[in-house]
Amino acid sequence: MSNQKAAHEQWSSRFTFVLAATGSAVGLGNIWKFPYITGENGGGAFVLVYLLCICLIGIPIMMAEILLGRRGQQSPINSMRTLALESGTSGAWAWLGGIGVLAGILIMSFYSVIAGWAVSYVIEAASGHFNGLTGETAGAKLGALLGDPLQLTLWHTIFSVMTAVVVARGVRSGLEKAVRILMPALFVLLLVMVGYALSTGYFMQGVNFLFAVDFTKLTPEAILTALGHAFFTLSLGMGAIMAYGSYMPKEASIAKTTFAIAIMDTLVALLAGMAIFPLVFANGLEAGAGPGLVFVTLPIAFGEMFGGAFFGTVFFVLLVFAAWTSAISLIEPATAWLVENRDMKRSTAAYSITTVTWLLGLITVMSFSHWSFGFEFAGAQKTDGMFDVLDILTSTFMLPLGGLAIALFTGWVMKKAYVQDELGLSQGGFNFWYQLLRWVSPLLLAYLFIHSLGF
Ligand code: PHE
Ligand code: NA
């Protein structure tokens with residue numbers, strides 16, 4: 001154990017941690033998922049619940065997850081075991097890390113398929129294929145891709161290999177430096193798209209959809225989805241942030257970094273929404289169109305705007321990059337566990353895990369064509385079969401339950417002195433956070449859950 005500690009490197013600065021954690025947080029969740037689930041769940045009221053969940057549940061639990069990682073100094077499963085034993089409780093808390101590892105694998109299986117759509121759209125954009133797209137032809141273009149399992153598998157494979165290569169090497173310094181340049185670039189490009197949205201004459205209609213709160217639209221499904229998305233978008237509840245936290249230098253402030261990451265992540269999502277919804281209305285599209293929303297709306301805009309082939313290509317390259325830095329963190333906990341507990345070489349571990357996620361990904365590939373089926377969940381109609389099942393299982397159940405366990409462990413099981421020492425906050429700041437973590441986050445989480453499932 002002391003051996004492991006010595007072997008466990010630290011990142012050079014707080015900034016490196018912020019970059020890696022931001023790379024994990026900002027991804028498809030912000031640009032692909034947030035807009036489409038907002039559209040499906042009627043807009044404003046959903047967005048409000050999501051923002052409340054970020055502030056009252058996501059941020060306090062993110063601080064807890066980082067501190068568990070930094071104090072545990074190992075991969076999530078082993079960190080949890082060590083910390084539980086240190087506080088005089090059962091090492092069975094390691095199960096928590098185990099569920100997280102599983103959640104990461106399941107999420108990666110579909111994440112990689114969707115990232116594959118983005119890879120394919122880089123080429124579409126660069127080939128000028130967005131020129132003159134209308135709502136109908138843009139929908140048909142995506143439909144042709146989704147209806148072609150072989151093509152989907154090709155892009156899914158390319159993205160899987162990209163991810164495996166980086167995780168296998170375990171050297172990410174290059175990638176963190178790239179985050180520093182490419183994240184701001186993505187931000188600027190989203191601003192360009194918001195600028196374009198302003199020119200459509202439908203900007204206010206889009207903004208209204210996002211921010212005008214109408215509680216009658218708030219279904220139980222919307223509440224559950226908003227809660228789950230708060231975890232998904234912050235990469236919370238499955239050990240990714242815990243794994244990265246283990247590399248965070250001792251002096252760095254956990255509270256400040258958490259705020260920085262949560263603010264950036266939320267801004268990117270809201271900008272994506274403001275870029276997309278005006279286009280939805282300008283082109284007479286359906287806000288609740290589902291997972292294809294971004295891939296139908298933005299190409300229409302790129303096809304129309306000045307320099308659209310260039311902006312479109314750069315946009316999808318940046319989206320792939322954002323998805324890549326998230327995907328790396330999705331399989332990091334599983335890889336680190338194999339390295340520490342099964343004595344595997346890092347590269348063998350990374351390629352093994354990727355083989356599993358790649359195979360599972362084929363289920364999502366088929367979900368949009370041959371294997372598609374519908375079902376009802378919490379009163380909402382789902383149409384994308386196993387993709388929806390995997391999404392609900394992970395975002396709605398596994399991540400929030402993982403987060404709940406992290407809150408309960410840090411707030412009630414761990415010795416308060418350890419927690420206080422790790423956070424290094426002022427007395428007042430600490431108490432405020434501690435009460436949030438012990439009471440507000442778990443009770444609110446449990447209430448939303450139980451209420452929405454109709455118990
Ligand atoms: N936060 C990432 C996104 O928004 C997805 C993710 C979830 C990454 C969980 C790691 C762990 O795209
Ligand atoms: Na995110």
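Cβ atoms are placed via backbone N, Cα and C, with glycine included.
Over in TrEMBL, the protein carries these features:
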TRANSMEM  12-32  transmembrane segment
TRANSMEM  44-69  transmembrane segment
TRANSMEM  90-114  transmembrane segment
TRANSMEM  152-171  transmembrane segment
TRANSMEM  183-203  transmembrane segment
TRANSMEM  223-247  transmembrane segment
TRANSMEM  259-285  transmembrane segment
TRANSMEM  305-328  transmembrane segment
TRANSMEM  349-372  transmembrane segment
TRANSMEM  392-412  transmembrane segment
TRANSMEM  432-450  transmembrane segment
Most Cβ pairs under 8 Å with the transmembrane segment (259-285), selected from 12-32, 44-69, 152-171: 12-32
Annotated stretches the transmembrane segment (223-247) and the transmembrane segment (90-114) touching (3 or more Cβ pairs under 8 Å): yes
Dominant neighbour of the transmembrane segment (152-171) in 12-32, 44-69, 90-114, 349-372, by Cβ pairs under 8 Å: 349-372
Long-range Cβ neighbours of the transmembrane segment (44-69) (under 8 Å; 6 or more residues past either end): 21, 34, 37-38, 76, 79-80, 83, 208-215, 217-218, 222-223, 225-227, 229-231, 233-234, 236-237, 239, 241-246, 248, 254-255, 257-259, 261-262, 266, 273, 403, 406-407, 409-411, 419, 422-423, 433, 436-437, 440-441, 444-445, 448
Positions on the same chain near the transmembrane segment (305-328), where near means CB under 8 A and six or more residues out: 20, 23-32, 108, 111-112, 114-115, 118-119, 121-122, 125-126, 128, 130-131, 159, 162-163, 166-167, 172, 175, 178-179, 182-183, 185-186, 189, 192-193, 196, 235, 298-299
Remote residues contacting the transmembrane segment (12-32) - C-beta distance under 8 A, at least 6 residues beyond either end: 66, 111, 114-115, 118, 172-173, 175-177, 179-180, 183, 186, 190, 229, 232-235, 240-241, 244-245, 247-249, 251-253, 257, 260-262, 264-265, 268-269, 272, 291, 294-295, 319, 322-323, 325-329
